[in-house]
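So the structure is just underneath, and the comments pick up after that.
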Amino acid sequence: MMRSHYCGALNRSHIGQQVILSGWVHKRRDLGGLIFIDMRDREGIVQVCFDPKYQEALTEASALRNEFCIKIEGEVIARPDNQINKNMATGEVEVVAKALSVYNVSDVLPLDFNQNNTEEQRLKYRYLDLRRPEMAQHLKTRAKITAFVRRYMDENGFLDIETPMLTKATPEGARDYLVPSRVHKGKFYALPQSPQLFKQLLMMSGFDRYYQIVKCFRDEDLRADRQPEFTQIDVETSFMTAPEVREIMEKMVHGLWLNTIGVDLGKFPTMTWQEAMERFGSDKPDLRNPLEIVDVADIVKDIDFNVFSDPANSSNGRVAVIRVPNGINITRKQIDEYTQFVGIYGAKGLAWVKINDINAGLEGVQSPIAKFLTTEKIKAIFDRTSAQSDDILFFGADKWQTATDAMGALRLKLGRDLGLTHLDEWKPLWVIDFPMFERDEEGNLAAMHHPFTSPKDFTPEQLEANPTSAVANAYDMVINGYEVGGGSVRIFDPKMQQTVFHILGIDEDQQREKFGFLLDALKFGTPPHAGLAFGLDRLTMLLTGTDNIRDVIAFPKTTAAACLMTDAPSLANEKALEELAIKVTRSE
């Protein structure tokens, strides 16, 4: 027998028991006549004592070094009161070793568990990095999350159904990973960016509650929180309204937080996309931050200051204010830094007003724009923003999107810098009623979610006539400023689906080529259906308290989409390429 108990599971209830432990030497201390080691496995660490009473084990222990893989047979005893370690889960007990076996020795590690290693080192020697207790804990939490999700979905009548990994390329906003076919030379499969169409087809097949914990692939430029392969908790339902879908998924996430970290998230408020953008400058607002954005275009539209009056009088402009309570001590240097910061988002500047005395009107403020304002105007701004003495007001004025993005980013930065964001709180919400379409960089209409999202209360004819005023029957779940899941009611009318394709510039020939199977399926009594998908990696990040998505994936890629451990991607051998009828052009 190699193991009777896990190291990290031992406690006072095991005192007097004989145990067999298998794991690694975490630390070793030689005190002359006694040797102590901290022994580690996936459940934690326990102190093992080698005593002269068991001389053979003590002699063998003198050769132990960090990360040797060993087996201990011994007895659990209570630690003396003055040696209890309250920082360890097993700190009230230790194991007296009666026998020691070494499964395997270890070279000196290229990582140091007691100090910060570079990201490159950690990813190159990932199998060693995962031995660190905090990393093991992340993956155990991830396993706990998926176990809870499977249990919840099963209890609520959802069927776990797999969908294909080798599929057809579809335009979903990012580039596909392509897989060449050896049998069909010159043709390619695509790895799925999501199981979207297959789960809709499952609804058409009569499986009215589907879920899957599934790998998805996107060949996009990576950011810190993106990976080329990621995992979704994918869900689809038939005969359920959007509020019903949100309710059953909210209950799942509520239970997940309670089960994993013992936190009651309470009832999730619902907010429209328009309100989220206007008040918080983001479609994924972090409600732990009390700062809000307030519109003042109507107040400043006729002042003699073009920076404000031009956007205030434009249908596509915005003049907005953030009030920072007690922000009067923000220095000019800090204001200059914030001005530079909003420039990243396209803002041309950042006006400000410091309020020394709210009752003194213009005499009571300090501001480079005071000369353009009247007493009536400044009072109206004070009233609109609920300003007080000792506050500072920051103004953004530009095109609506630029001003909204810049002020939204500034709001988050101010919340962090000034300690206003309540980092110990959980603030979930649903964001609903997104625009159906948005303009891409070329000015063409693109689906804000995806082309299979249904509009709210629009006929195909109304949508064709006025696509930019359509609201999507879509919803995102947001927790602490992170979008953890998103979904929508799907189009189940073939005419509506063709109308959306047409608005997106997909002509009938392209529709048949890319989505013929879907358009055909929609003709055969398709039920109303809706669903959503959660990012498992993002959920795990939140529940483990890490801000690095790579910490919650066992073997992640770098931001350059490479695996430093296996050296993937790599060159293919010529014979394999020949069989695939592929010729690679090498860059010079």
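Just so you know, glycine gets a Cβ as well, placed from its N, Cα and C.
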Listed co-binder of ATP (same site as R218, D219, E220, E483, G535, L536, D537, R538, source Swiss-Prot) among Q227, Q497: Q227
Region 'Aspartate' according to Swiss-Prot, located in which of 124-127, 196-199, 348-351, 568-571: 196-199
By Cα-Cα distance, the member of binding-site residues R218, H449, R490 nearest R538 (ATP binding site): R218
Between E483 (ATP binding site) and H449 (L-aspartate binding site): CA-CA distance (Å): 13
The region 'Aspartate' (196-199): DSSP-derived helix, strand, coil residue counts: 4 helix, 0 strand, 0 coil
Distance in Å spanning the most remote Cα pair of R218, D219, E220, Q227, E483, G535, L536, D537, R538, given for ATP: 20
For the binding-site residues R218, H449, R490, the one whose C-beta sees the most other C-beta atoms within 10 angstroms: R490
Neighbour-count leader, CB within 10 A, binding-site residues: E220, E483: E483
Whole-number Å value for how far R490 (L-aspartate binding site) lies from E220 (ATP binding site) (Cα to Cα): 25
